[in-house]
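The block underneath contains the structure these notes are about, expressed in structure tokens.
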Amino acid sequence: ASTVAMASRAAKLAVLALALALVAVPARAFYLPGVAPQDFAPDDLVNFKVNSLTSDKTALPVEYYKLPFCQPPRIRSSAENLGEVLRGDRIFNSLYQMQTKLDETCKVVCRGAPLTKAQAQMLKKFIDDEYRVNMILDNLPAAVRVDYFDEDSETHKSLYERGFPVGFKDDGSQIAGSAVPGALEKKLVKAASWFASKGVKGGSKSFGKKKRLSLDDGTFFVNNHLRFTVLLHSDVDAKSSRIVGFEVAPVSVRHDFNGAWNELDPKLSSCSALNHPSVVFEDDGKTKPRDPKTVPPQKVEEGASIVFTYDVAFRESPVKWASRWDVYLQMADGKGVHWFSVVNSCLVVLFLSAMVAMILVRLLKRDISKYNALETIEEAQEESGWKLVHGDVFRAPAHATSLALLVGTGTQLLFMTFVVMVFAVLGFLSPANRGGLMTAALTLFAVAGFFNGYFSARVMKLFASSGAEWKQNALRAALYAPGVAFGVFFLLNLLCWEERSAGAAPFTALLSICALWFLVNVPLVFLGAYVGARSAAPELPVRTNKIPRRVPPQPWYMRGLFTALAGGLLPFAAVFIELFFILSSMWHHQVYYVFGILFLVLCIALVTCAEVAIVLCYFQLCSEDYEWWWRACLNSGSSALYVFMYSAWYFFANLEISRAIPSIMYFAYMALISAGFAAVTASVGFLACFAFCRAIYGSVKID
């Protein structure tokens, strides 16, 4: 009855916390930027925006105007939320613009000043690091379409990669004739081999052969001409159109002009050569290289004055506005692998459920019947197994305060993750809402501080019924875990500042995080701790002996280290396939969108953690070892160790990061994520074992 009452009380507290969140975030919470469609009439002027430059090799975003690109007279920053700032998005206006349904060719943006030696070296460095330019039109990111030939279906297919390269270098590392380096090709080959290793059909791809380009002298070339293809879905009745696609094809061309440069009316003599596309896709799946004599590239060198130009072409598309993000969400036939992940997780949880059912239905039923049938004193003295430790099973563990903090932090993160997943599954956190996922996670983490305070106070009350120290416990719960996370983030932010990266959060963002921490999270932690301390202590089915019982020597397979390493394997097995796509989304700038499958996998992983903890706890008690409190946390929480080891393997196998600071940032952030995963799984294992122990010891007769 007390368990039901505790669950009912927790449900009421969840409703209260959600109500507080709704009060704290007024009606503006229902407005999602980028979700409302915008109609364009013919000849409407539409401006392009530019975002931070990104690179898979450095993982350090850089502001667009740090490079010698064309700048408007006044640079204006677009409105950004906290999540955008922390992601490194820096969105500005630009000189690129278009008129709806008006095709334009070789439109001049500007002619840059002669490059200084420092500017030329910086441009070469960014090209060598494979930085990509990110532009935005009507909230759609520019994307390069890469065509390939699928041997399984024997058809031509296309994939989109966000952004386009700053330039390229003549070392044979690109698809023949294209100004696009082979970064996407390498990713697709890796993904194809990984899919094939999992037995997923459709993973093998065939691409055009690489050929070393035969260019003029020089090494580095800048993509100074852009071909924009804007896809429109028109409404004939309303005489308006909606933008449903934004493709870009970058080209490097050395522009020539007649006479002196006229800023108001530039006359370029090199535009006629741009009528030949840089890459032509043929029926055999190969590419035809461009002739460097027809379109000479723009070399990066000191003293060069780069002319930036662009084309705009409009094309009608049957794609509706609601489906315009679909092309960005295609992940190289990854859908089959996602379902493979779900099937794999289901098999794991079915295996564990069968073991738990066998323990609960057969072994426990037999044990309880045997223990309750003991009538004589002699029989009671000869009892063995888990009933023998009934007088010590609820004895306070060592470092009980740390255990309470771990459980409280885990429940806080669990509530945050659950609500974020629900919002994402319902579509409120679409990729069009840049930074929305991170903003929602930070806000909900602060609101979930109520559960941190409540559960940590309830766990502490198990060991100190007076609850007099709830204020000190609440202060530790409010400061320890957020303080460690903020400290690591601040140190990494200093490294980003040192690198002059756009990923460095400004001072105002740090103030916003501190405001969420001290003005929202801390008061709610104290409120939860107050409610938990005022509540009655959880009722225990047996009394604890004054003198602790000696724990007999345990066999090697029942010791803490072995059970922890073995117990963490199964929860990790339930999530490791989906973890591949999550890491690709984080470090390869891909869009993760299968939140429904992720939510299902997460639920399966948590059920697996609870079942693993219960099974190992039962075996431990049968070995007359009653020190299960910390073991319950470690047996399920150790799955985070495998998550961190997997992230280390991913770093060396799938990333090209070689510099020290990005490497430090990668492992530091993955360590934080693994620690959060450990707190969630450990708290689930602890709560499951606590409920299990209360249930079995409440079912037997104890004198």
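Cβ atoms here come from the backbone N, Cα and C positions, even for glycine.
Copied from TrEMBL, the annotated features are:
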type	residues	note
SIGNAL	1-29	signal peptide
TRANSMEM	339-361	transmembrane segment
TRANSMEM	403-429	transmembrane segment
TRANSMEM	435-457	transmembrane segment
TRANSMEM	477-495	transmembrane segment
TRANSMEM	507-533	transmembrane segment
TRANSMEM	556-584	transmembrane segment
TRANSMEM	590-616	transmembrane segment
TRANSMEM	628-652	transmembrane segment
TRANSMEM	664-697	transmembrane segment
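Non-local neighbours of the transmembrane segment (507-533) in the same chain are 13, 17, 20, 24, 82, 85-86, 442-443, 445-458, 461, 467, 470-471, 473-474, 477-479, 482, 486, 490, 493; each lies 6+ residues outside the stretch with a CB under 8 Å from one of its CB atoms. Scored on C-beta pairs under 8 angstroms, the neighbour of the transmembrane segment (590-616) with the top count among 435-457, 477-495, 556-584, 628-652, 664-697 is 556-584.
Remark: the transmembrane segment (628-652) makes no contact with the transmembrane segment (477-495), by the rule of 3 or more CB pairs under 8 A.
If one looks beyond the transmembrane segment (664-697) by at least 6 residues along the same chain, the residues whose Cβ comes under 8 Å of a Cβ in the stretch are 3, 59, 364, 368, 386, 390, 393-394, 403, 406-411, 413-414, 417, 455, 481, 485, 488-489, 491-492, 495-496, 538, 540-542, 571, 587, 605-606, 609-614, 617-618, 621, 628-629, 632-641, 643-644, 647-648, 651, 655, 657. Sequence-distant contacts of the transmembrane segment (477-495), counting only residues of its own chain at least 6 positions beyond either end whose CB sits under 8 Å from a CB of the stretch, comprise 404-405, 408-409, 412, 449, 452-453, 456, 504-505, 510, 513-514, 517, 521-522, 525-526, 529, 661, 664-665, 668-669, 671-672, 679. Residues 10, 13-14, 16-17, 20-21, 24-25, 32, 80-87, 89, 404-405, 407-409, 411-413, 415-416, 419-420, 423-424, 428-429, 467, 470, 473-474, 477-478, 513, 516-517, 520-533, 683 of the same chain sit 6 or more residues outside the transmembrane segment (435-457) yet have a Cβ under 8 Å from a Cβ within it.
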